[in-house]
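Here the structure comes first, spelled out in C-alpha cells, and everything after it is commentary.
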There are 2 protein chains.
Amino acid sequence: MTPLGGLGDVGRNSATFEVNGEILMVDCGVLFPDETHPGVDLILPGLHLVNDRLDDMVALVLTHGHEDHIGAVPYLLRRRPDIPVLGSKLTLAFVREKLKEHRIRNTDLREVEEGSRTRIGGFDLEFIAVNHSIPDALAVHIRTAGGSVLHTGDFKMDQLPLDGRITDLRAFAKVGEEGLDLFMVDSTNAETPGFTTLEKDIQPAMERVFAHAKGKLIVACFASHVHRVQQVMDEAVKAGRKVVYVGRSMVRNMTLAAQLGYLDVPGNTLIALDDIDKYADHEVVIISTGSQGEPLSALSRIANHEHPIIRAGHGDTVLLASSLIPGNENSVYRVINGLTKNGVKVVHKGNALVHVSGHASAGELLYCYNIVRPRNVMPVHGEVRHLVANAELAIATGVPRENTVVVEDGAVVDLREGRVKVVGRLECGYIFVDGSTVDAVGDAELDERRILGEEGFISAIAVVNLHSGSLVEGPIITARGFVGAEGIFDDITAEVATALREALEEGADDTHQLQQVMRRRIGRWVSKRFRARPMIVPVVLAT
Amino acid sequence: MTPLGGLGDVGRNSATFEVNGEILMVDCGVLFPDETHPGVDLILPGLHLVNDRLDDMVALVLTHGHEDHIGAVPYLLRRRPDIPVLGSKLTLAFVREKLKEHRIRNTDLREVEEGSRTRIGGFDLEFIAVNHSIPDALAVHIRTAGGSVLHTGDFKMDQLPLDGRITDLRAFAKVGEEGLDLFMVDSTNAETPGFTTLEKDIQPAMERVFAHAKGKLIVACFASHVHRVQQVMDEAVKAGRKVVYVGRSMVRNMTLAAQLGYLDVPGNTLIALDDIDKYADHEVVIISTGSQGEPLSALSRIANHEHPIIRAGHGDTVLLASSLIPGNENSVYRVINGLTKNGVKVVHKGNALVHVSGHASAGELLYCYNIVRPRNVMPVHGEVRHLVANAELAIATGVPRENTVVVEDGAVVDLREGRVKVVGRLECGYIFVDGSTVDAVGDAELDERRILGEEGFISAIAVVNLHSGSLVEGPIITARGFVGAEGIFDDITAEVATALREALEEGADDTHQLQQVMRRRIGRWVSKRFRARPMIVPVVLAT
C-alpha cells in the first residue's frame, strides 16, 4: 500500500493497494498550490509511481466528488482511458463533466452504491455510505488475500443530515465484527475537540439573514456543497425570493445535482442571470462562487465594482456560507473589506454560525475507533499535525501504538499476517500543472520565479568580437521588477564596459567567461548600492 | 486632521493634527507587506504628505513601542532629526535602539508618563495610561484651540494585568466630564464580541505545559511582549529551569525591558545560548522569536533541523504563545508540521489557551463610549470591516450616526464648533522600503514582479545590421522561471529568425520595430503552445 498524496498535505488524495501484482487506486485528487508554488495551477499526486504499471491497474475507486479526490482523474486516464472507475452516481457525474472538458473518451465508469459489493481482480470491494459536505460519499471496505482495509474517504457523522443519509455505523460495526486489518481514517479535523456541529444548525443564522435582508442578497459557498445550496434554496422559497446561480462551476454542479435528484428545486424558483433585472432586489437571492476570495470569481468582481451585471451597495447583504481555508484569509478579508466599503452588510463565519465543517472531529473519530476496533490504523488526509493527532485518538481507544502508522506520501506499507509495517519509501514529489504543461515546470523553475517575483532581474547584453578582442556593442543594462529610476544604470554600464574591455585585452576568449565578468560586477554593485539580490542575466554575443 | 496610515490596514499607524499652521503627529509605524507586495520589506505611512511641512511639525507623540507605531520613525527623523519625540520610557528605549541602527543623531526624545501634561506649540497634551500587549502604553488627550481629541492608541481593558497598570478609566471619565470633541478609538477587535480574556488567564495552560514537558521546552512569542515573557520566566523559576533568549530582537528587547524595570528576572535565571550545553534538556526553557513562522527565524530553523545550536525532537515541547496573524497561517502550520514530524509536541492557540489579544473587544469598547460620551467618533487602527464595526458600537451607545466618521488614510477631517466633517482626501499611497531604497520601487515594479513571479520570462536577443538589412546574430531565446525543457525554443527560434529577416527585407529600420516583431511572434507561440503568459523581453542590437 502506498499513498500517492494527501498524507502531509490537505489535498491530492490518492492511495494505491497492490495484491499479487494487481493495483487498486482509491481517489485521484489535486492539491491547490499555495504561495510556495508561484504560478502553478494544480498539483497532482505521485502518478509517476504508477506510470509503468497502468496495465496492472484493475480499478480506480472514487469516494466522493470533491476536487481533492477526483481532480487528477483526467491526468491518469489520459494515459489509459479504460481503467475501470468506480464511484457513486453524483461522483461519476462530476467526473464525466471533467473528462468531457479534457476530451478523454472510451472510458469505463461504473456506478456503485452503498451496500453494494463487487469483485475486481483480487479485490473484493464493498461500499458504505458516509456523510460529508457533498452528497453520495462512500467509504470502501477492501478485502484481499493479503488482508482487509476500511478506507473512510472524507466523512463526518452528522446524525441529522438534510438528506437523512448518515454515516453507516452499523456497516462499520459489521466490518469490525468480521475483523479489520487496517483502518484508514480521515484526519482533517482530528485536532478539533468535540463534535462537528450539525449542518442543519446553521439554519437559524440563515433565517436571520433572510429576515433582515431588505435589498439584494448574495450567498457565496462552495460550488459542490449541494446541501448548503439546498438550505439557501429552502429559505429563498420561504422568503419568496427567486434563485440565480452565478459562477460557471455553480451553474454546472447544481444543474447536475438537480437532474440527478440530489437538489430539490421547486418549480419557478430558478431564474437566469440575464433575467435578474426583471425582479426587484428583494425578490432574488444570488448563489455565487468566490467564497475563498478568488480574484477572478463573481464575488470578488462584485466587491470591486467590476461585475458586468451585479452591483452591491448600501442596503444589500452578502452571506459567506463557507469555511476560510488557511492561506486564503487575506483574499477573503479583501473581499469583505471591499463589500463593507461599498456599504454592504457582510455575514460570515467570523460573526455568525453560517458554516460547519464536512469532517469528523476528534469526538466522532473516537466513536469510529471504538466501533471498528481495527488491528492497525493509518491516518490519512491531512498535514502531519492532523495525522499525528488522529493516531493519538486511535491509541487512546486502545489501538497499540506500534500498530498505528503515521507516514507521508510515498511510504510503502506492507500488511502481512495482520500487522502493518513500513517497508520503504518512494520519491513522491509534486507534479505541477502549469498552463497546458504537466511536469514541465519543476522546483528549479519555481526557485527562479521566487527570486524574480521578490527581486526582479537585471539583464546585461554585450556584443564582442573575440578575434579582435574588442567590445562591439553594449553593454546594455536593463531591469524589470527592480528599482525603475531613470539613469540608475549609467555608472555601472560604464564600469562593466571597462571590465569587459580589460578582460578582452587580457585575452578572454569565450563568451561564458565574459558573462561571468558582467554578472560579478553588477552583482557586487547592486548588492552594495541597493542591498538587493535580483536575478542577473548576462548575455554576451560574439560576432 | 489627516490619518497617514492605519485606517484601511492593520499597520503603519500614523495621524497628523494641524492647528494654526502647526502640526502634531501621533505615531509613525510601519505596515508589514503581504503577498500583494512581493519583495517589499516595509510599507511606510504617507510621510510624503508632510515632507514640505517638516518645519511646522512641533512634535511626534508615540503611544507605545510596537513596530506598527514606531517603525517608521527613522524615515521621518532622517529628514529632520530634531522633531521632538514624546513617549513613555520603554517606548523611547525601543526608538533609541532603532535610531542607533539607522545612525540618526541629534534627536530630541522627551520622556513623558501617564498623568503628565505638557504644552508644545498650540497643543496641550495629557497622557493617560492604557493597557496593551506591551508595557507603558499611553493614550493622549490633545486640547487645542480647535477642539479636543482623545486618541486611545492601541489598548485593551484587562482588569487584572500582570503589572497592575490598568487602562485609566477614571481619566477617561474626566475627559468625558470636561467634554470631548473627537474620540479616536482602536478598532482592531471591534468585530470580536464580548471581552478580551485576561492575560493572566493563560497561566493554567502554561503551567500544564511546564508540568508535562520532560525534555527541551521552547516558548515562542512576540519579542516585545514583555508580560508574556514574564509569565514564562515565572513558570521557569517555579520549575527550576534556566532561561535562554533566542533571536536578536528577543535578546535586545528583553535586555532593555529588564534594565528599565519592566521585566523581573531573578538572579541566575538567565543563561547565554552558548552555555546551553552545560544544562540537561529539562533544566532550560528557550524563549524564542519566530512565532509567526518567519522562515529565517530561530524557530523555523529548529523545525527544519537547520539551527546551529538547538535541536528539538522526541520528548521535546514547543509552545507558541502568540496570535496567528492573518496571512501567516501557512508559514506557522509549516513550522508546526515540521516540529510534529520530528516528534516534538506543539502547543498553540489552536489546542490550548496560550494567547490572548492585546486589543479591546466590542464589550470593552462599549464601556469606553459610555464613559467618555464623545461628541464625535473616528475609529482608527483597522481594516474597513473593523472601522465600520467600531462605528456601529459608538452609534449603539448613542453617538449620532452623523457624528461618526469612517474614513481611510488620506482623508482630511475638520473639527469645527464641535462637529467633525470630512473636507477632502489626499493621495496617501504606499511608500515601499525595499533593500536600502525608499519609494524607489512602486506599483509598476510590483506588477512586473507579479508577472515574473507567476510566469517567469522569455528573453530574445538579436543583432542586426540596419544598413545592409541583415540578421547578424541570433535570435537567442532563453527563459527563466518558465518551462525548462531542453530544445523547447528550437522551432520558435527559427520562426523568429525568419520573421526578422522578412521585416528587414521589408525595410524595417529601427530596433524598436524589430523588437515588436519578436515579442508578438513569441507571445502568440507561447500562449498557444503552453497556455502561459510569461513576460517577453526582446532586445535588438543594431551594429
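Along the chain as shown, residues are numbered 1 onward.
Glycine is no exception: its Cβ is also placed from the backbone N, Cα and C atoms.
According to TrEMBL, the protein has these features:
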DOMAIN    B:11-206  domain 'Metallo-beta-lactamase'
BINDING   B:G39, B:D41, B:D434  Ca(2+) binding site
BINDING   B:H64, B:H66, B:D68, B:H69, B:H132, B:D154, B:H381  Zn(2+) binding site
ACT_SITE  B:D186  active site, proton donor
BINDING   B:A223, B:S224, B:H225, B:H355, B:V356, B:S357, B:G358, B:H359  substrate binding site
ACT_SITE  B:H359  active site, proton acceptor
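Using a 10 Å Cβ-Cβ cutoff, B:H381 (Zn(2+) binding site) registers 32 neighbours. Between the candidate binding-site residues, B:S224, B:S357, the densest Cβ environment within 10 Å is the one around B:S224. Cβ neighbour density within 10 Å is lowest for B:D68 among the binding-site residues B:D68, B:D154, B:D434.
Scoring each of the binding-site residues (B:H132, B:H359) by how many neighbouring Cβ atoms lie within 10 Å, the top position goes to B:H132. B:H225 (substrate binding site) sits 15 Å from B:H69 (Zn(2+) binding site), counting Cα to Cα.
Taking a C-beta cut-off of under 8 angstroms and a sequence separation of 6 or more, B:H64 (Zn(2+) binding site) has the following same-chain neighbours: B:I70, B:G87, B:S88, B:T91, B:H132, B:I134, B:D136, B:A137, B:L138, B:G153, B:D154.
Annotation for B:V356 (substrate binding site): same-chain Cβ neighbours under 8 Å, separated by at least 6 residues, are B:T196, B:T197, B:L198, B:E199, B:D201, B:I202. Secondary structure from DSSP puts B:D68 (Zn(2+) binding site) in a helix. Distance between Cα atoms for B:H66 (Zn(2+) binding site) and B:D41 (Ca(2+) binding site): 17 Å, as a whole number.
B:G39 (Ca(2+) binding site) sits 30 Å from B:H359 (substrate binding site), taking the Cα positions as reference.
All chains included, 25 other C-beta atoms sit within 10 angstroms of the C-beta of B:H355 (substrate binding site). Other Cβ atoms within 10 Å of the Cβ of B:D186 (active site, proton donor), summed over all protein chains shown, number 30.
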